[in-house]
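Participant: Would you mind keeping the following structure in view while I ask a few things?
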């Protein structure tokens with residue numbers, strides 16, 4: 001069974017999104033495809049997931065909110081997968097299993113249940129929803145999404161610095177009297 005293929009919560013013309021990967025199993029990582037980002041959850045069983053939602057929003061609004069990306073605090077919630085996914089698509093994505101050993105399922109679920117309704121720190125780059133669920137599954141928070149964002153920020157910063165230096169050199173060469 002390919003755990004990298006998306007499940008579709010709605011009809012889609014994209015063949016990648018219409019091939020089911022099978023039912024999620026307790027302890028699986030669930031990647032939910034939002035319009036501007038990916039949201040991550042951990043499957044608990046019986047249709048329920050655990051995930052991070054913004055502190056100051058109702059459960060319904062929090063499920064698809066971009067505001068969650070910019071929040072500094074989050075609440076750990078247990079919700080039905082189908083309600084969190086809504087009209088978006090999702091897939092089981094245990095993509096770190098090759099490099100990280102998953103904890104025993106009973107331990108993953110136990111660790112998750114203790115955190116339900118707790119308020120936790122949230123930081124897009126250092127402690128986001130992907131970090132949260134991978135910490136539960138592997139005992140270590142990992143986020144490829146955050147690493148890509150940090151790389152993009154570094155690239156933009158380097159480019160801005162280069163343009164600034166080039167602009168400074170260009171300005172100095174134009175201001176020389178000789």
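Note that Cβ sites are derived from N, Cα and C of the backbone, with glycine treated the same way.
Annotations in TrEMBL come from automatic prediction, not curation.
Residues or ranges marked as region 'Disordered' by TrEMBL: 1-25. Residues annotated as compositional bias 'Polar residues' in TrEMBL: 1-11. Residues or ranges marked as domain 'LRAT' by TrEMBL: 29-145. The transmembrane segment annotation in TrEMBL covers 149-169.
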Participant: Check the domain 'LRAT' (29-145) for me and report the mean pLDDT.
Facilitator: 87
Participant: Which residue counts does DSSP yield for the domain 'LRAT' (29-145) in the helix, strand and coil classes, in that order?
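Facilitator: Helix, strand, coil within the domain 'LRAT' (29-145): 36 helix, 37 strand, 44 coil.
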